[in-house]
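What TrEMBL lists as FAD binding site is GLN152, GLY153, ASP154, ARG155, THR189. Positions annotated as domain 'HpaB/PvcC/4-BUDH N-terminal' by TrEMBL: 5-270. The domain 'HpaB/PvcC/4-BUDH C-terminal' feature in TrEMBL is assigned to 280-475.
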Amino acid sequence: MPKSGEDHIRSVNDGRCVYINGDRVTNIAEHSAFQNAVRSVARLYDFQADPANLDRMTFETPTGQRASRAWQLPKSYRELVERREALVSWAQLHQGFMGRSPDHVASTLAAMSMGLDVFERHTGGRPLAVRDYYAYARDNDLYVSYVIIDPQGDRSKGTSADGNADLAVSICDEDAEGITVRGSKMLGTGAVLSNEVLVTTLRPLGPTEEKYAFTAAVPINAKGLKLLSRRSYEQAAPSVFDNPLASQFDENDAVLYFDEVKIPWERVFVHRDPACQLAQWHNTPAHSYQNYQAEIRLLVKMRFLVGLARKITETIGTINYPSVRETLGELASQVGMIEAFVYGMEAKGWQYGEYYLPDPNLVYAAQVQSQTLYPKVIHTLRELSGGGVLMLPSSLADFHDPEIANVIRKTQVSPVLSSEERVQLFKLAWDAIGSEFASRHTQYEMFYSGPRTVTTGMAFRCFDWKQTADAVNGALSPDALPASLLAGQPARLALVG
Ligand SMILES: Cc1cc2nc3c(=O)[nH]c(=O)nc-3n(C[C@H](O)[C@H](O)[C@H](O)COP(=O)(O)OP(=O)(O)OC[C@H]3O[C@@H](n4cnc5c(N)ncnc54)[C@H](O)[C@@H]3O)c2cc1C
């Protein structure tokens, strides 16, 4: 039986070391900075454990138990689509606003377990640890977050050249029981809410950077692990009415500092091996499978935002202006593009051993387009909203005073909504496009998959350039050139590759 929300709430009261506003938090499930986000995660688990949703949300594992489809290793197009439908149902519970919901890193770990042979091929790879941890995390339905980026210091220097032993996490000791690591990583989204964190590095490391080249899973309550939370938007949200999104879905981001954290060997997947550390991402399907999940989530979020855009224009009576319809049509085509990407990745999927997986070229194409599309969509919603998102009473409390409520009713007017409904809608709109929570989301969608130089680099490397070169070369047939021009020239003109 999959775990319940209550199981998850209990599991995070484990002595973890979380700091916020100068205090150490005792129990995140009862702290005003995190409690609603913990409940939102718990709702995901309750939803999948509901007997009515079991078929949709879970699959049968090799040991005959039901586990979350987040952990599923699809063997056919049909299984891939069934899994996507489960992920869509989960994302709809937060409208795509919890970017690192438990299905993200579950996708990473599932895909690493599909590529055990990659770990076998490298001396520093530890395939049995990967296999066993995947089964353990799946069977206990762990919420695993990850930290895979070195903190910003001096980006013009490599991690090892920085000379600061506390900046990027590295192995500082090891013995018969395991490794000990010290240093930090950015930026653990959802880490505060999760059970465990996968710590590793995404960027390629050089041969002299062996001590940074490790991958391991660490319980959030591990001795020495310190989580420094950013400001909580949930804590600053007075009510669900005033901040419907920030009050519920602030998944948090934290800097993680590993203060000599001991990690047993059975949780170490890569050990001092830069080649294996890179191969774990790109020679297994880990990197593309996790980012496929991200595009599924984005699709849900885009549908929500485009629905919001239309409702705003109905509410302020602009929907029938031709220019507004054009803008809504543009938004509709943008959500259609993300939908086409997701369905295309599946239809153009490929066989990786016994597994059927989404096409990586389209995953990377989608990533590049998504990170520029999102800020554009937010800008369009701002344009459609005008000052309506700020022409609002300060909080729900204003409705409690009859005199103020009377003025609100006279000034909050719409052809289709009551005053209260209009205020509620625009509070939702501001929380999606303009609040501090919304602004963090724009930064998230622009950067979660890496800076643009990195995502375009992946798209460049994965693209089938031969196909395009053949097309161009085919149109440059030497037969079309007059023989006189060809005299003394190479037999064939090649543009690319
Ligand atoms: C909200 C949010 C949540 C996140 N969640 C997670 C998470 O859960 N786990 C995790 O591991 N990471 C997470 N990250 C980190 C994320 O992966 C990084 O932000 C991303 O990889 C970019 O790295 P950076 O922020 O260090 O920016 P940098 O790499 O420092 O880049 C900053 C800017 O400098 C430019 N730049 C840097 N180097 C070069 C260069 N050589 N040439 C040209 N331009 C350059 C970049 O293009 C960019 O515009 C999160 C980030 C954000 C914003």
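Placement of Cβ uses the backbone N, Cα and C atoms for every residue, glycine included.
As the structure is a computational prediction, the values presented were derived from the model and not from experiment.
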Near ligand 1, meaning Cβ under 6 Å from any of its atoms: which of the binding-site residues GLN152, GLY153, ASP154 fit that description?
GLN152
Look at the binding-site residues GLN152, THR189 and tell me which residue has the greatest number of other C-beta atoms within 10 angstroms of its C-beta.
THR189
Across all the protein chains here, work out how many other Cβ atoms are within 10 Å of the Cβ of ARG155 (FAD binding site).
9
